[in-house]
């Protein structure tokens, strides 16, 4: 069985371009055969809590870590297992105020965790433990921001994934959703071709 972990971070359940891209991706993934399954984590349905002091103590083995595990720690364990068990990763990420939604940032705060998804191998040296595996980041934005000084989404996602050992994520961008001069049908054809290409490369 080949499993794709798909993480939704759009607050919108309808009219979302990243959810539309995710639907296209899911259809392409399933078209590869019955042995291709998709596991979905929808952060709009279950918003991650912010990391609290007790959870940080458990993450880093600080004083007080012997206290009973928190519900937040249990969520972290679940999400990390899903991440580690997946054969490929896909993130549906709308750009909110030039960066990623806070729900996805909170999810990443729970999965970027010492001794689980990265470890210290020498003074100042760290090693990611969650890769290698293919990763896809599907973005949508009202303007044309990708790879400009206003784009804080792509650099952050690249850094966060690489820190866990997941290098060179593929980005598929549906840009200009608020612009009248950009044809959404043409955009859909372009992203569909790019998503199909990524699936077949996995």
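In case you wondered, yes, glycine gets a Cβ from its N, Cα and C as well.
The FMN binding site annotation in Swiss-Prot covers 10, 95, 96, 97, 98.
Locations of recorded Swiss-Prot features on the structure.
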| residue | record | Cβ contacts under 8 Å, 6 or more apart |
| --- | --- | --- |
| 10 | FMN binding site | 16, 18, 19, 44, 92, 93, 94, 101 |
| 95 | FMN binding site | 139, 140, 141, 142, 145, 151, 153 |
| 96 | FMN binding site | 102 |
| 97 | FMN binding site | none |
| 98 | FMN binding site | 145, 150, 151, 152, 153 |
*When DSSP states are folded down to helix, strand and coil, where does residue 95 (FMN binding site) land?*
coil
